[in-house]
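Participant: As annotated in TrEMBL:
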- 2-68: domain 'Methyltransferase type 11' (DOMAIN)
Amino acid sequence: MSANLIQIAHEKGHETMVADNLSLPYRTSSFDFVVSIAVIHHFTSFDRRVAAVKELIRTLKPGGRVLIFVWALEQEDGSKRRFDKQDVFVPWNLDKKSFGSKAAGKEKAGVAKGKEEVLEHGLNALSLKKEEGEVKEVVKSGNENIVYQRYYHVFVKGELDEVVAGAGGVEIETSGYDRDNWYVIAKKL
């Protein structure tokens, strides 16, 4: 969840919502196009990644398309990221001053049922996800920032295709590598 990105989109006049990717608050067959960027790589097992993609597909109309981007293990020369293994914890810095403010609260942006607590309690609520493996630990870094060790499963070539195929109900139209990420575009059958 990125409360700041939700707030920015809301301020630009877009409808916004914070929700659980495993239980999206949308009707079945609602959308022509679904975009998932930098989400699926936070799920801790193959089965959870497949379940998350199934939920995206559920919301698509027949003939609708889904675009999914995930981090790649294979990084280009000059990339800031380097990985020795597929399952890693990456420091995630939060500025205490700008996070958890009322501006990011539910009165400004839509919040799915059961997610109010995350926005109401801001920074402290992020640690609630610890048992799911999304946040390993909190490390204090001076007075200005808090650093979370955030879980990532970085994908190898062909792996995202396997996850999408495992979800079923779609045909992969294209897949590839772009700027240190793997992507898939699939069409709902």
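Placed from the backbone N, Cα and C atoms, the Cβ positions cover glycine too.
TrEMBL: automatically predicted annotations, no manual curation.
Quick one: where do these features end up spatially?
Facilitator: Per-class residue totals from DSSP over the domain 'Methyltransferase type 11' (2-68), listed helix then strand then coil: 25 helix, 18 strand, 24 coil.
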Participant: I'd like to know the mean pLDDT over the domain 'Methyltransferase type 11' (2-68).
Facilitator: 94
